[in-house]
Number of protein chains: 2
Amino acid sequence: MASWLQIPKNSPFSLANIPFGIISPAKVSSRVAAIAIGDYALNLSVFASSGGFAQLPAIQQHLGVFNQPTLNAFAALGRPVHRQVREYIQNVFRADTPFPQVLKDNAALQKDALLPLSEVTNHVPMQIGDYTDFYAGLNHAYNVGVLFRGPDNALQPNYTHLPVAYHSRASSVVASGTPIRRPNGQILANPAATPKVPTFAPCKKLDIELELAAFVSTPNDLGNPVPIDQAEDHIFGVVLMNDWSARDIQAWEYIPLGPFNAKNFATTITPWVVLLDALEPFRASGLEPGNRETLLPYLREKKAQNAYNIPLEVEVTNEGGKPTVISHSNATNLLYSFPQMLAHHTITGCNMNPGDLLGSGTISGKESKTEGSFLEQTNGKNPIKLADGSERMFLEDGDTVILRGMAGTEGNYVGFGDCVGKILPAIKIDS
Amino acid sequence: MASWLQIPKNSPFSLANIPFGIISPAKVSSRVAAIAIGDYALNLSVFASSGGFAQLPAIQQHLGVFNQPTLNAFAALGRPVHRQVREYIQNVFRADTPFPQVLKDNAALQKDALLPLSEVTNHVPMQIGDYTDFYAGLNHAYNVGVLFRGPDNALQPNYTHLPVAYHSRASSVVASGTPIRRPNGQILANPAATPKVPTFAPCKKLDIELELAAFVSTPNDLGNPVPIDQAEDHIFGVVLMNDWSARDIQAWEYIPLGPFNAKNFATTITPWVVLLDALEPFRASGLEPGNRETLLPYLREKKAQNAYNIPLEVEVTNEGGKPTVISHSNATNLLYSFPQMLAHHTITGCNMNPGDLLGSGTISGKESKTEGSFLEQTNGKNPIKLADGSERMFLEDGDTVILRGMAGTEGNYVGFGDCVGKILPAIKIDS
């Protein structure tokens, strides 16, 4: 698909993508809905109020959803509406657009609504009611299991029967670019000593987790599970996520109820929500088919291909240094799909709301340099070498981490944009 | 304190209390703020718009907070304002009120604003952004630890150094009276068998957890911990909570990331928020003083008395049967206070918002019949006998559970009202 708009061939936001987000235009603090295309954001509030959607009758009565500070109301309209809006916008931007008067030949609206991405501020695109983090990256679970319990007991018996998950912290989900403050906390400096007495200190084992995350669109009522065959239509779209983790705080606190302070200080997401329809051409086999017979029926999908072929990478740049890509992975490294996660989450009757966020778990490959966390790649022994020769077991102050993910081929990429966070030093606490 | 309003001597809502909530008046679906007093709710929206607060200048510019569907905006005004409003309302209701014209001698406003509790609908009083459940009931943690690991390793080494917690599910927090649907889920019917293969079934070990829970009022920004000495002023008030738990689902799913589906189907709270100021006269020693020197300084309180003396009870009634009080406990059975929980929660820089909910953990005593859960009281062996002779290891369909908690003495009780839930049968799932 060619566009009349000049779109760089390496842009994650080709005409094949059309992801949705929330922006503040330059010099304006109010938030509105937008899509990203090439190096531009299309302000959907201005576009809608200027008659941009005049050729799409189905959305006429819902135009107010684009003039809100979150995408929750748009998401709640449901997948058929998202699909129509995305396809309409693709048609508006096609070189052979059937509606040239809408934007292609409308210089005034281009000036008002088509804003350089470099001049807009991105925000967390949805009001997140609850954020749940799954653990569906089997290789990650195995790698971490080996570190903690050895290869024979690396995976718990439940792992292949259900998508393991924990509730996580919604309030501290931040948009790409937000600096990450190194957390303070309780750390057991010497785990072998008796009695075990923690010290109070800045986290010394600050790590990343390379994840995808899905936003819920369609809600379900308390007491009413979402059947597996309907689950995909309850998902709005996907973002890239860095689930920052304080490994030393986690090791001391997490038994018996799971990670808490080790995760609650920040989680970074890309601000553009890529619709499942945009990812559909990249459907691929995950680590096992989604319809394997060892699964209980409520988790068994009709489609065997329940993952997406999305190459992922992790780049680290130290202060004043050069970028180093330390890891290449792929979103096929998941044992469970987002529809399976949603079906499991709701099988008890748990109610989901538009804007709820489901993290995939850390996406690691099996080979060296495909790990989605420092913990796995260094194995506590082998430091990561950066371009300027400096070494890392974990993140240091001033380091910048960028996650990237793009499916497709040059000129037609469907990607998320950079998921960026720079580490700031811990604040001083009197203790 | 005597009131001109007739208040039953055994009411949890004496003039010494004045808890805040959200109601819908009879035949009206809109939600407004209210306080409970005796057998009445005072509709604060009507009260405010009728000049009821005319004698309280400090609140004049904020009267809109009472005409909202949650208490979040009122809570965000901060403790000094809550204190003034509560004391003002107490003065309005005193027998010797200095403002008789406001309500005592104003039959028209009484008719409009003073509504029988039996005729109003209660709601979850706040928009809950995140709900965190702590584990500060030491006797509960010990009892459960003995069941899982034996008496020598019952408590983890971290337990006496930090308030253990996990993120829980905000969307399924419901107001007292909401029926509780028994969840379905994965259960390991025979834990001793190899390989371990779960079955899909309705939960057979449906349990309660007797807890208090605190709502946050004043927010803190991401990256800025709340110091322990300021933490109390960030708390709006307290409710009684039943953290329903599916023990069989929990046992299979919870390793290594903690409870998930075992908790996400429902949590019941009382709808009236009792301010900390109302509980202040009942301050008492918890299981250890809040300023003990083995705590890291960020958790050490100035006040040694960091609990409240609130007698608690659990009542169970089977379908067609008579009520049986199966347990008596007290809120002094906690090792950590809500300010300590908040200080720990935010020490990483985690941001809290008005409406965030902090559960205390299950409040069990040390003696028989003081346990806050069936799991502890039956110990998997000794069934609980109900009044009609029937026995319970866990809850059965049709059972109604009521938690109660009241501090103080007859005529001056400060209580929460009933925390009620009735168990409905699981829905049928094809499997």
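Backbone N, Cα and C atoms are what each Cβ position is placed from, and that goes for glycine too.
According to TrEMBL, the protein has these features:
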- B:16-125: domain 'Fumarylacetoacetase N-terminal' (DOMAIN)
- B:Asp133, B:Glu209, B:Glu211, B:Asp243: Ca(2+) binding site (BINDING)
- B:134-404: domain 'Fumarylacetoacetase-like C-terminal' (DOMAIN)
- B:Tyr135, B:Arg149, B:Gln250, B:Tyr254, B:Thr362: substrate binding site (BINDING)
- B:His140: active site, proton acceptor (ACT_SITE)
- B:Asp243, B:Lys263, B:Thr267: Mg(2+) binding site (BINDING)
For chain A, which of the binding-site residues B:Tyr135, B:Glu209, B:Glu211, B:Asp243, B:Gln250, B:Thr362 fall under 8 Å by Cβ? B:Tyr135
What is the separation, in Å, between the Cα atoms of B:Tyr254 (substrate binding site) and B:Lys263 (Mg(2+) binding site)? 11
Cα-Cα separation of B:Thr267 (Mg(2+) binding site) and B:Asp133 (Ca(2+) binding site), in Å? 11
Rounded Cα separation (Å) that holds between B:Tyr135 (substrate binding site) and B:Asp243 (Ca(2+) binding site): 12
How many Å separate the Cα atoms of the residue listed as 'active site, proton acceptor' and B:Asp243 (Ca(2+) binding site)? 13
Fewest other CB within 10 angstroms, which one of the binding-site residues B:Thr267, B:Thr362? B:Thr267
Near Ca(2+): residues not in B:Asp133, B:Glu209, B:Glu211, B:Asp243 with Cβ within 8 Å of the site Cβ centroid are B:Leu210, B:Ala213, B:Met241, B:Asn242, B:Ser245, B:Thr267, B:Gly359, B:Ser360, B:Gly361, B:Thr362
Around B:Thr362 (substrate binding site), which of the listed binding-site residues (B:Glu209, B:Asp243, B:Lys263) come within 10 Å, judging by Cα atoms? B:Glu209, B:Asp243
Going by Cα-Cα distance, which of the binding-site residues (B:Arg149, B:Gln250, B:Lys263) sits nearest to B:Glu211 (Ca(2+) binding site)? B:Lys263
From the DSSP assignment alone, can you count helix, strand and coil residues within the domain 'Fumarylacetoacetase N-terminal' (B:16-125)? 47 helix, 22 strand, 41 coil
